[in-house]
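Chemist: After the structure tokens below, expect a handful of questions from me.
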Amino acid sequence: MSVNISKRRNIFIYAIRDRYFMLLLSIFIGLVIIGAIGPLFVRSPSRVVGARLQPPSREFILGTDALGRDIFAQIVHGIRNSLLIGLFAGLIGIAIATTLGILSGFLRGLIGDVLTTIINMFMLIPQIPLLLLIASAIRIRSMFFVAFLIGALFAWPAPARAIRALALSLREREFIDLAKISGKKSIEIAFKEILPIISPYILLQFGTVYASAIFTETGISLIGLGPTNVVTLGWVLNQVLVMNAYVVGAWWWFIPPGIMVSLLVLSLYLMPLVLSKKLQQIGI
């Protein structure tokens with residue numbers, strides 16, 4: 001166990017020293033700070049505050065939209081809500097993935113086979129069409145409901161399969177046999193012996209799931225099936241699409257939210273990739 005703790009410390013030391021990782025982390029933390037405290041200092045995103053389609057100025061940093069609403073305020077609120085939706089969806093998804101992945105990989109017999117079948121079945125289901133079908137059938141959609149849908153239907157199958165592969169590789173190890181001989185139950189071994197060892201990989205998977213959840217919410221909001229009465233980055237892009245910002249040449253309306261989505265998704269997606277290389281090098 002002490003060896004594993006030492007290796008995990010090496011990961012964090014490597015992360016701090018890696019310039020690429022720190023750049024990505026700084027971008028993400030900066031966006032989190034904007035989303036956390038920014039809404040306290042900006043206008044209401046739904047309030048008409050100026051002339052229509054006003055370009056960036058001192059009064060309106062990112063101009064106004066076709067209704068005269070402050071685009072900067074929309075983006076600040078959108079960052080916060082997109083982060084929250086991604087966080088809740090990611091936590092739900094990684095919890096399901098971890099539970100099913102470890103149990104299906106470690107348990108033998110009927111239970112392990114059934115859990116593996118469930119994972120494979122959800123991998124084959126066209127999840128985005130299913131998500132759109134459910135969202136379109138419900139008129140009032142809170143951001144927590146959308147987060148639950150994304151986490152429960154879309155976010156967990158791929159990481160569950162990856163975690164299952166790790167559990168499979170560990171269940172024949174000597175320390176597992178020793179745990180069985182000592183009288184520990186299978187569930188206890190799975191979550192007290194295997195889980196701590198693969199926890200760094202689960203953390204990496206969470207970053208990927210978080211990024212995927214934000215991207216998914218942006219996609220469904222873009223076509224008008226995201227949270228209702230809540231401003232997200234996807235909602236801002238939906239307004240761009242509905243009100244033909246491209247046609248009128250309002251670049252200040254569609255470029256900034258696109259950049260914010262890209263920065264959020266890429267920073268969350270690339271940070272695990274950087275660390276995964278180190279995990280492979282030090283043999284965790």
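A Cβ is built for glycine as well, from the same backbone N, Cα and C atoms used for every other residue.
Nobody curates TrEMBL annotations by hand; they come from automatic prediction.
Below, the features straight out of TrEMBL:
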{"type": "TRANSMEM", "residues": "20-42", "note": "transmembrane segment"}
{"type": "DOMAIN", "residues": "79-272", "note": "domain 'ABC transmembrane type-1'"}
{"type": "TRANSMEM", "residues": "83-107", "note": "transmembrane segment"}
{"type": "TRANSMEM", "residues": "114-138", "note": "transmembrane segment"}
{"type": "TRANSMEM", "residues": "144-163", "note": "transmembrane segment"}
{"type": "TRANSMEM", "residues": "194-215", "note": "transmembrane segment"}
{"type": "TRANSMEM", "residues": "250-271", "note": "transmembrane segment"}
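Describe each of these features in terms of where it is and what it packs against.
Modeler: A Cβ distance under 8 Å defines the sequence-distant neighbours of the transmembrane segment (194-215), meaning residues of its chain 6+ beyond its ends; these are 1, 4, 8, 11, 82-83, 85-87, 89-91, 93-94, 97-98, 102, 106, 147, 150-151, 154-156, 159, 162-163, 166-167, 170-171, 176, 233, 261, 264-266, 268-269, 271-272, 275-276, 279, 284.
Using a Cβ-Cβ cut-off under 8 Å and counting only residues 6 or more beyond its ends in the same chain, the transmembrane segment (250-271) has close neighbours at 21, 24-25, 27-28, 31, 53, 55-56, 62-63, 65-66, 71-72, 74-75, 78-79, 82-83, 86, 207-208, 210-212, 214-215, 218, 233-234, 236-237, 240.
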Chemist: Do any residues, 6 or more residues outside the transmembrane segment (83-107), come within under 8 Å Cβ-to-Cβ of it, and if so which ones?
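Modeler: Answer is 31-32, 35, 115-116, 118-119, 143-144, 146-148, 150-152, 154-168, 170-171, 186-187, 189-191, 194-195, 198, 202, 205-206, 209-211, 213-214, 216-217, 227, 232, 264, 268.
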